[in-house]
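Notes to accompany the following structure.
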Amino acid sequence: MEEAETDATENKRASEAKRASAMLPPPPPPISPPALIPAPAAGEEGPASLAQAGAPGCSRSRPPELEPERSLGRLRGRFEDYDEELEEDEEMEEEEEEEEEMSHFSLRLESGRADSEDEEERLINLVELTPYILCSICKGYLIDATTITECLHTFCKSCIVRHFYYSNRCPKCNIVVHQTQPLYNIRLDRQLQDIVYKLVVNLEEREKKQMHDFYKERGLEVPKPAVPQPVPASKGRTKKALESVFRIPPELDVSLLLEFIGANEDTGHFKPLEKKFVRVSGEATIGHVEKFLRRKMGLDPACQVDIICGDHLLERYQTLREIRRAIGDTAMQDGLLVLHYGLVVSPLKIT
């Protein structure tokens, strides 16, 4: 009985397996390499073409073994499209970040500007520029701005010229402008004066009106503005003429420093020498220097002036150029010939 049941079970399983195998689709035929077919003879029909056989590139459906490759191509195309979209999104995000940074920068710039949006230049208050356009002598705006070439400080022309009547130093930094002729080292600053006239409203008109009224009240002729002269045809001749005007003669090459060393009690009253820097001709003698000292100090005729250079008592006939050549650099100080002078009572008055 058991053997009969076992055989029935195996038969049942075999019948189920046959039924399941019958339901599966038949396997595809194997693909064989194309055979070399000889060319058909004349009048015979050849084999079907590749397009008729369902080869790739034809209008018919592809064989089932090529379908997975086509599906992979589609997926690959989708991934490439997705990568391009990601790159475009990243570029757009970078552009948006740059635009935000520029907007913040423009906001910072606009916060420092004036209220007017159309006005790009920053307005400056005149009070900030006032120290640069004022004369430190008269405390007013610069008129005929004149600059000292040694220190580049600028003043009104009339103020600085009046100051040099009693001093040879810059009124602002106290530097020595020139030992004897400080007016040699000043120049008109036309550019700065134009700036002052443009900054201060109606300053030029008021100055011209005051000058006109000044001359009119005193019955004087109002000076006309300077007109540039036409340049002559011969430039070489003009250059020579200018050199002859502005060139210092060779004999005016000795600058003196006169130092007072003392006076006897019997010399009486005398005025101190106000300016000890003197520029004279190299051909001038010690006698000329003595006359200069007598006139400036108001000395009595009986008072004798002794002039010394170094350890040498100088004679009246000696010229300054000879003294400088004979004594040498020991008598010089910063390019100046140093002369010491003293006052004594003449021996003729004692007898």
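Along the chain as shown, the residues are counted starting at 1.
Including glycine, each Cβ sits where the backbone N, Cα and C put it.
As annotated by Swiss-Prot, coiled coil applies to 69-110, with the evidence given as sequence analysis. For the coiled coil (69-110), the model gives a mean pLDDT of 59.
The compositional bias 'Basic and acidic residues' feature in Swiss-Prot is assigned to 9-19 (among others).
Sequence annotations record features per position, and here Swiss-Prot assigns compositional bias 'Pro residues' to 24-37.
According to Swiss-Prot, the feature compositional bias 'Low complexity' maps to 38-51.
Residues or ranges marked as compositional bias 'Basic and acidic residues' by Swiss-Prot: 62-80 (among others).
The compositional bias 'Acidic residues' annotation in Swiss-Prot covers 81-101.
According to Swiss-Prot, the feature SUMO2 cross-link maps to Lys224 (among others), an assignment based on similarity to another entry. Cβ neighbours of Lys224 (SUMO2 cross-link) (same chain, under 8 Å, six or more residues apart in sequence): none. In the three-state DSSP classification, Lys224 (SUMO2 cross-link) falls within coil.
Residues or ranges marked as SUMO2 cross-link in Swiss-Prot (evidence: similarity to another entry): Lys235 (among others).
Feature annotation from Swiss-Prot assigns phosphoserine to Ser32 (among others); the stated evidence is similarity to another entry.
For Ser116 (among others), the entry in Swiss-Prot reads phosphoserine, with the evidence type similarity to another entry.
Sequence annotations record features per position, and here Swiss-Prot assigns region 'Disordered' to 1-114.
Under the heading zinc finger, Swiss-Prot lists 135-174. Beyond the zinc finger (135-174), the same-chain residues lying 6 or more positions past its ends with a Cβ under 8 Å from any Cβ of the stretch are 180, 182-183, 185-190, 192-193, 196, 200, 203, 207, 275, 277.
Residues of the zinc finger (135-174) grouped by DSSP class, helix first, strand second and coil last, total 7 helix, 9 strand, 24 coil.
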